[in-house]
Amino acid sequence: MFQSRINHLSAWGTVIIFLIFGTRLMGFVSNPIILSLEFLWILGVIIWAAFGVVHEAEELAEMLGEPYGTLVLTLSIVIIEVALVAAVMLGSTAPPTLGRDTMFAVLMIVLNGVVGLGLLIGGIRHKEQNYNIQGAGAYLVVLLPLSVLALVLPNFTSSTQDGSLSTVQAVLIASFTIILYGTFLILQTGRHNEFFTPMPNPQDQPVEKDLAIINAQTINNEHPQQKTISRSTIAKHIFLLLLHIFPIVILSKTLGIILAIGLLRLDAPSELGGIIIAMIVFTPEGIASLRATTANELQRAVNLCLGAATSTMGLTVPVVLLIGVLIKQPVLLGLSGPNMIILALTLLLSIRTFSGKPTTMLEGCVHLIMFFVYLLLVFFP
C-alpha cells in the first residue's frame, strides 16, 4: 500500500510539474545533458507507473479469472502504447515510419524475445510445458491476417508507391481491423472463453480412490464457504488501474517530443524509436509473462504474449491509420524486404511452436535467435 502511494505521488507529481513548468523545462532541451536527464526522469516515472498498472491488472486477474484478467492487463498496456505512438506522431518531428516501427518492434519483442526467453527458461526448468491449442490457434488465426494486411500489403498496392495506403484504403483497412479484432474479443470473452483457460493435465486427473475421497468431502461439506468478491472491491482496483494509466497517457506527449529530438541529434536508426516505445510499454508485461512460464503457467504466458501482439495489431493499426488521415500525413506501413522475411519466419515459427505439442527449450532458442537477427538488421541493415 505504501509503495502504491509513492508510485501515485511520483507519477502525478511529475504530471503537475510538467503541466505547470513544462514550457520552461522544454526550453532547455538544447542542452544534451538536461535533455538526457528529463528523458530519464519521465522514462523512469512511466515505467514505474506501468508496473503499477500490471500490479492492479493482476489483482483484477485473480478476481475475474482467465481470460478476463489477462485481457484487462493486455488492453491496459496497449492503451499506453497507443497513447505513446499517437503523442509522437502528432509531434512535428515524428518520422512517418514510427507506427510501423513500433508495431513491428512489439511483434519481434513479444513473439521472439519474450516468448523465446520464456520457453527457454520453462524448458530448462520443466522440460515440457502444455497449453490450450484452441486459444493459441485463435490468437494466431487473427494475428496472421492483421500483420500481413498492415505491414506487408502496403508494399504491393498500386495506389501508392512508398509503402503507404491511400485514404480509402486506410479507412477500410482500419475498419476491417476493428471488426476482426472485435469479433475475436467476443469469442474470447463470450461463447469460447474456455479456449483461453489452461487444459487439465491428464497426469493430474484423480483416480477412483481420489474420486471417492472427493465425493465424501463434498457430502460432508454441504455448505462450502465460497470466496465472494464485492463489486466495490473490483471498482476500487479499476479506479487504481486508471490512476496509474492516466499519468502515462499525459506524460507520453512530453516523452515523445524528447525522444524525437534525441533520435534526430544522435542520427539513430528510425527503428530505434519504435523499439524504445515497445520496450517502455511491454517491459512489465514481459516480466509477468516470464514469471508465468517459470511457474509452469504457460497458458497465462500465451495469453499475455499472443494477446499483446494481437491487441497491438488490432488497436494500434486503426489508430495510426486514422491519425494519418486526420492530419493528412502519409503513414508508411510497408516493411523493408529483409524485415518482411523476418516477419514471415516469425509467424511461421509461432504457428509451429503453438501447433499443439508441448513446448521445449528448443523452440525458445529458435525464437531468441530470430530476435537477435531482428536487432542485427536494425543496427547493421
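Note that Cβ sites are derived from N, Cα and C of the backbone, with glycine treated the same way.
Curation does not apply to TrEMBL; its annotations are automatic.
What you see is a predicted model, and the numbers here were worked out from it, not measured in a lab.
Per TrEMBL, the feature transmembrane segment maps to 9-27, 33-55, 67-90, 102-124, 136-156, 168-187, 238-266, 272-290, 302-325, 331-349, 361-380. According to TrEMBL, the domain 'Sodium/calcium exchanger membrane region' annotation covers 39-189, 240-379.
Mapped onto DSSP helix, strand and coil, the domain 'Sodium/calcium exchanger membrane region' (240-379) counts 116 helix, 1 strand, 23 coil.
Residues 4, 7-8, 10-11, 14, 18, 25, 73, 76-77, 80, 240-241, 244-245, 247-248, 251-252, 254-255, 258-259, 261-262, 280-281, 283-285, 287-288 of the same chain lie 6 or more positions beyond the ends of the transmembrane segment (33-55) yet place their CB under 8 Å from a CB of it. Most Cβ pairs under 8 Å to the transmembrane segment (238-266), among the stretches 9-27, 102-124, 136-156, 168-187, 302-325, belong to 9-27.
Residues of the same chain lying 6 or more positions beyond the ends of the transmembrane segment (102-124) and with a Cβ under 8 Å from any Cβ of it are 81, 84-85, 147, 150-151, 271, 273-275, 277-279, 281-282, 286, 289-290, 292-294, 296, 298, 301, 305-306, 308-309, 312-313, 316-317, 320, 335, 339, 342-343, 346, 350, 353, 359-371, 374. Remark: the transmembrane segment (168-187) contacts the transmembrane segment (302-325), by the rule of 3 or more CB pairs under 8 A. The transmembrane segment (302-325) makes no contact with the transmembrane segment (361-380), as judged by fewer than three Cβ pairs under 8 Å among residues 6 or more apart in sequence. Sequence-distant residue pairs (6 or more apart) of the transmembrane segment (331-349) and the transmembrane segment (136-156) include at least 3 whose Cβ atoms are under 8 Å, placing the two stretches in contact. Same-chain neighbours of the transmembrane segment (136-156): 100, 103-104, 107, 163-165, 173, 176-177, 180-181, 184, 187-188, 192, 195-196, 302, 306-307, 309-310, 313-314, 317, 332-335, 340, 343, 347, 350-351, 354, counting only residues six or more beyond its ends whose CB sits under 8 Å from a CB of the stretch. Beyond the ends of the transmembrane segment (272-290), by six or more residues, the same chain brings 43, 46-47, 50-51, 53-54, 58, 73-74, 77-78, 80-81, 84-85, 88, 95, 97-98, 100-106, 109-110, 113-114, 117-118, 121, 259-260, 263, 300-301, 304-305, 308, 378 to within a C-beta distance below 8 angstroms of the stretch. Residues 50, 53-54, 57-58, 60-61, 98-99, 102, 106, 135, 185, 188-189, 193, 196-197, 241, 245, 248-249, 252-253, 255-257, 259-260, 273, 277-278, 280-282, 284-285, 288, 300, 303-304, 307-308, 311-312, 315-316, 319-320, 323-324, 327 of the same chain lie 6 or more positions beyond the ends of the transmembrane segment (67-90) yet place their CB under 8 Å from a CB of it.
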